[in-house]
Amino acid sequence: MGSNSTSSAESNCNATYLPFQYSLYATTYIFIFIPGLLANSAALWVLCRFISKKNKAIIFMINLSVADLAHILSLPLRIYYYINRHWPFQRALCLLCFYLKYLNMYASIFFLTCISLQRCLFLLKPFRARNWKRRYDVGISAVIWIVVGTACLPFPILRNAGLANSTDSCFADLGYKQMDAVVLVTMVVIAELAGFVIPVITIACCTWKTTVSLKHPPIAFQGISERKKALRMVFMCAAVFVICFTPYHINFIFYTMVKESIITSCPTVKSTLYFHPFSLCLASLCCLLDPILYYFMASEFRDQLSRHGSSVTRSRLMSRESGSSMVN
């Protein structure tokens, strides 16, 4: 395949141009930006300042929020491009924003998997949870950032084909670098296995194990409410994973084969290309769903939000009363 984004399969099936994708991306990112920025900023503030460091998965939640904010902060540039269809900035900024999209996706996948796995293991082996150190989670998080950050580098590199420093194209309009088919297929298989199949199997197993544990008698100091909390947490992780990341990774296999003209059937080519923008938009929705995850997962998180909301309301009422008394 050449350095443009059009394969022979796309040309033969007259599916080289998808005008609806610009308005779809712009609308989705506008919908996500303000709520996502406010929710994740508030979540990060509460998680860092008020949640007990003994709370299970707190480190993973903080890192998940950071990953979401990294993507959210790049959304205004994406919105500008999809509305104007013109990129007036440097090539490096385009590729950085493109990179942050996939960094957010795969960092979120691994941190959700860690939250689910840790909650399940601590439920089944509560004595291990008591001896677990916070620095272990910090170390695991650092490894995830290094591995995911390195593994996501091919995304902007492979889309850097023919992109001059003064180009006005970015994001969905970026070209593809020519690659050997064997190398590309190998990369896709590794990405699908490590970035989707293994995490989804892990989360599914955690959900099943946690559900089964409810049928067994509680262990020592562990009550039924603790088990229900764990199940709720694991279910929320699974829900975010299925809604946001499963559609993209299922379609990604077909999308790659269409781009390499391995798939040439026009109905399949068109449906794959048409669904691709929707799957990417669903992946970005994790920035809105993750703060809901924190709310339902940590009772301290809910308490702190309630207390902060009450204090803000009281301060506003007091300022109004003082203002009215001065007038009177």
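Cβ from N, Cα, C; glycine included.
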Pick from Cys13, Cys170, Cys205: which one does Swiss-Prot say forms the disulfide with Cys94? Cys170
Could you confirm whether, in Swiss-Prot, the topological domain containing Ala230 has the same name as the one containing Ser23, so that both are on the same side of the membrane? no
Have a look at Asn14, Asn165 and find the one that Swiss-Prot tags as N-linked glycosylation site. Asn14
Please report how many Å separate the Cα atom of Asn14 (N-linked glycosylation site) from that of Cys94 (disulfide bond), as a whole number. 28
Including all protein chains shown, what's the count of other C-beta atoms within 10 A of the C-beta of Asn14 (N-linked glycosylation site)? 10
For Cys170 (disulfide bond), the number of neighbouring Cβ atoms whose distance to its own Cβ is within 10 Å equals 25
